[in-house]
Each structure stands twice: as structure tokens, then as C-alpha cells.
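So the structure is just underneath, and the comments pick up after that.
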Amino acid sequence: MFNVAFAALSLVCVILVLYNRSKQTIPATSGEFKRFQLIYLVPFFLMTASDWLQGPFVYVLYESYNYGIEDIGLLFTAGFGSSMIFGTFVGSLCDRFGRKNCCLVYVVLYTISCITKHFSNFSVLMLGRLLGGISTSILFSAFESWMISEHFSRGFDSEWLSYTFYLQSFGNSIVAILSGIAGGLVKSAFGTVTAPFDAAVILLIIGGVAIALLWKENYGDSTGEFGANFVNAYNAIKNDANVLCLGVAQSFFESAMYIFVFMWTPTIAPLFEEELNHGLIFACFMVAAMIGSSVYNLTSTFYAKEAILSYMFLVSALSFVGPIAINNREIIVSSFLLFEGSVGVFWPSISTLKGIYIPEDVRGTVMNYFRLPTNFFVVIILNQVKKLSTPIVYTLCAAFMAVGFLASYYVKSRAEERNHISRYSPVVVPEVEVEDRPSQETHNA
């Protein structure tokens with residue numbers, strides 16, 4: 001079943017990519033911009049590859065050290081809790097002391113986290129999870145903040161930002177598939193479950209060197225008191241309903257997504273008599289996400305990005321009907337593939353809109369504020385998941401999507417009112433002049 005699904009999904013993905021090229025949905029950009037994309041995306045993909053390499057082996061590693069499900073659950077919960085508690089501070093530090101510096105800190109912290117996997121001591125493993133949680137906060141805020149700031153400071157067209165996020169989302173799915181394959185090969189070649197973590201360290205070092213040599217530093221608000229960043233970020237959310245609603249939309253979508261990551265295996269496994277090839281299923285999910293990213297790239301030339309995000313939440317909510325109400329493996333698997341397609345649409349659309357609406361001076365802090373509810377919801381639900389039936393868990397996910405739809409629909413409606421356009425026209429967001437954004441020269445002055 002999954003062999004056929006992978007082949008069919010791959011064919012659809014190739015057709016969409018070719019169609020996108022034939023319809024010239026890829027914007028006409030400059031050579032300088034393409035070099036900028038390369039400078040950003042290559043290190044970013046190396047960082048995400050180091051993360052994907054580890055994913056399939058974390059649980060297995062803990063089991064090999066003879067830890068039970070409760071201890072392993074505590075370690076996983078610690079990672080989310082660490083991201084929730086320290087993430088906001090990380091965002092403010094990035095804005096104040098530089099996004100490039102923060103990305104290099106990510107390399108150091110995640111490298112240490114990988115090294116801790118060589119020790120069976122629970123306290124050392126817990127330290128690794130705590131550092132991993134902090135690193136995750138940096139990965140999902142500092143890198144994006146650096147790119148957006150650099151994009152505008154170099155005077156690139158604001159419409160090109162969306163294309164970079166499309167490449168980031170599409171490419172990350174490819175990286176995930178290749179990393180999954182590479183992780184299995186490395187584990188088999190060296191005969192130890194720690195080998196993928198060592199391979200991740202190599203990628204981190206290579207990516208860190210590239211960042212150190214190729215990236216310029218940029219900052220948020222680095223002039224006032226450290227605590228002022230938190231207040232300014234809070235005010236940015238409180239005083240702009242668009243920013244608040246984007247934060248709500250992201251928090252609830254990511255919460256459902258992380259719950260899905262924990263739930264899909266125990267949901268699918270009982271539906272099949274034969275042993276599942278989890279690597280193949282994961283590859284199917286990633287190709288579905290690539291299809292979603294391609295659909296985003298195609299539709300973003302015809303529809304407002306605010307509208308795409310709003311409609312995506314409706315599709316995501318629909319994707320949970322299968323596991324909630326229908327006990328049929330084909331329908332449930334199809335529903336999961338539909339959700340992964342929605343993930344592929346979500347990332348470039350939400351990232352582009354955050355780049356437009358979030359103020360530059362507190363970008364990193366605001367982005368990490370958005371992750372606070374996500375980590376809170378995930379920790380609470382995962383701690384209670386044994387007490388909840390599978391349909392109830394997926395009903396919660398559907399409810400999260402409903403909240404996200406309402407929030408994103410508000411942003412869409414405000415954009416249409418502001419621009420006096422129909423829902424079928426791309427939203428033209430007011431251009432932000434380059435000189436209004438903090439630059440490296442301003443900081444050094």
C-alpha cells in the first residue's frame with residue numbers, strides 16, 4: 001500500500017513542480033538574490049538535517065539504556081518544557097545581541113546535546129534534552145529572523161520573500177527524507193545507535209563554519225534595557241490584532257502538528273497485520289508536504305497569502321475527520337497525507353505573513369512568544385494522552401484547527417478591508433521602506 005502511495009505522491013509532486021515552472025510561478029529574481037538564498041538555505045538545511053538525522057533514533061537510544069516509557073516520556077516532556085521556559089529569553093537575546101551570534105550558539109548547544117547521547121546517566125541525558133529544547137527555540141526563530149532582516153536590508157522585493165519560504169519548506173521535506181535514509185545507513189555501517197548523533201555533529205560544525213564566514217550580523221532592538229525587549233514584544237502583540245491572530249494561528253496549528261507526530265504510529269499500527277515500514281510512511285508524509293508547498297507556490301500568485309492560510313486551516317480540520325469517525329485504514333492514511341499536505345502549505349504561508357506583520361526590532365522575541373502556548377499545550381496533552389481515547393485526541397486537534405481558522409480569517413478580512421480587494425486577488429501589503437528597518441550600519445553607529 002505505502003509503496004504505491006509513495007510512487008503516486010512522487011509523480012504528483014514532480015508534475016506540480018514542472019507545472020509551476022511552466023506557468024512561471026517562480027518570480028524573476030536577480031543573481032544577487034539567488035546568491036543570498038544560497039547563503040541562507042544551505043546552512044539552514046544543514047541544521048535541519050542534523051535534527052532530522054536524530055529524530056528516528058532518540059526513543060530507541062533511550063530504550064537501549066534500559067529506560068522505561070515513563071522515564072522516556074519525562075525526557076521528551078523536558079525538551080518541550082525547556083523550549084517553553086527558555087524560548088522567550090532566547091528570542092530577546094537574539095534581538096539584542098545578534099541573530100547570527102544566536103545561530104552560532106545553536107550550533108554549540110545542539111552539538112553538546114548530541115554528545116550527551118553517549119552517556120547512559122539520566123541526568124546527563126536530561127541535560128541534553130534541556131539543551132535540545134533551547135536549541136529548537138533558536139532554530140525556529142533566529143534563523144528566520146536573520147533572513148527576513150537581511151532580505152529587506154539588501155533592498156530585495158517583498159514578494160520574493162514568499163519564494164524563499166517556499167524553497168525552505170519544500171527543501172526541508174527533501175532533507176528530511178534524505179536524512180532518514182542516511183541515518184539508517186550510518187547506524188548500520190557503524191553498528192551503534194549513537195552514530196546518527198555523531199553524524200549530526202559533523203553537519204552542525206560544517207553549517208556553523210558557513211554561518212561564521214558568510215553571514216553578516218543583524219539585530220533587533222539592541223539600544224534599550226534587556227527587559228524592554230519583552231515589554232516591546234508584548235506591546236507589539238497587544239497593539240496589533242494581526243500579529244496576535246497570527247500568533248494564535250501558529251500556536252494552535254503547531255500544537256496539533258506535534259500531537260499528530262506522537263499519535264500517527266499508534267493510530268496506524270493496529271490497522272495493519274504486517275509490520276510497518278516506518279521509514280517509507282515517513283517518506284510518504286514528506287512528499288505530501290512537498291506537494292503542499294508546491295500548491296502554495298502555485299496559488300500564491302492568484303490568491304492572497306492571508307486567504308491561503310485561512311483555507312489551509314479548513315482543509316486541516318477536515319483531515320482529522322477520518323481518525324475521529326471512520327475506522328478504515330485507507331481513509332485514515334489518506335487523511336494523514338492530507339494533513340501533511342496542509343503542513344506543506346502552512347510553513348511558507350505563516351512565515352511570509354510573519355515577515356510582513358511582525359516589527360523588525362522585536363521579531364525574535366515575538367516569534368518565541370508564539371511558541372509558548374504550543375509547548376504548554378503539547379506538554380499537558382502528552383501527559384494526559386493515555387487517559388484519552390484516540391478519537392478524543394484527534395477531536396482536540398480539529399478544534400485547534402477551528403481556532404486557527406478563526407484567527408487567520410480575521411487577518412484575511414482585515415487585509416481585504418485595508419486593500420479594498422476581492423477574496424480572489426493577492427493582498428498587496430504596504431511596503432516597508434528599507435531605511436525604516438534597523439540595519440547593520442545603524443547598529444554600529
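We count from 1, first residue shown onward.
Placement of Cβ uses the backbone N, Cα and C atoms for every residue, glycine included.
Caution: TrEMBL annotation is automatic and unverified by curators.
Pulled from TrEMBL:
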TRANSMEM  6-22  transmembrane segment
TRANSMEM  38-60  transmembrane segment
TRANSMEM  72-91  transmembrane segment
TRANSMEM  103-120  transmembrane segment
TRANSMEM  126-148  transmembrane segment
TRANSMEM  160-185  transmembrane segment
TRANSMEM  197-215  transmembrane segment
TRANSMEM  243-264  transmembrane segment
TRANSMEM  308-326  transmembrane segment
TRANSMEM  332-357  transmembrane segment
TRANSMEM  369-385  transmembrane segment
TRANSMEM  391-411  transmembrane segment
Which residues, given as numbers and ranges, are at least 6 beyond the ends of the transmembrane segment (160-185) yet have a Cβ under 8 Å from it?
-> 26-27, 29, 33, 37, 40-41, 44-45, 48-49, 52-57, 147-148, 151, 196, 199, 279, 282-283, 286-287, 289-290, 293-294, 296-297, 300, 305, 344, 347-348, 351-352, 355-356
Run the contact check on the transmembrane segment (197-215) against the transmembrane segment (38-60): 3 or more C-beta pairs under 8 Å, excluding pairs closer than 6 in sequence.
-> yes
Interface present between the transmembrane segment (72-91) and the transmembrane segment (332-357) (three or more C-beta pairs under 8 A) = no
Beyond the flanks of the transmembrane segment (72-91) by at least 6 residues, Cβ under 8 Å | 59, 62-63, 102, 125-126, 129-134, 136-138, 141-142, 230, 233, 258, 364-369, 371-372, 375-376, 378-379, 382-383
Positions whose Cβ lies under 8 angstroms from the transmembrane segment (369-385), at least six residues beyond its ends | 73, 76-77, 80-81, 83-84, 87-88, 91, 137, 140-141, 233-234, 237, 246-248, 250-252, 254-255, 258-259, 262-263, 393, 396, 400
Please indicate, using numbers and ranges, the residues of the same chain that are 6 or more beyond the transmembrane segment (38-60) and have a C-beta under 8 Å from a C-beta there.
-> 72, 103, 106-107, 110, 114, 139, 143, 146-147, 150, 164, 167-168, 171-172, 175-176, 178-180, 182-184, 186-187, 193, 196-197, 199-201, 203-204, 206-208, 210-211, 214-215, 278-279, 282
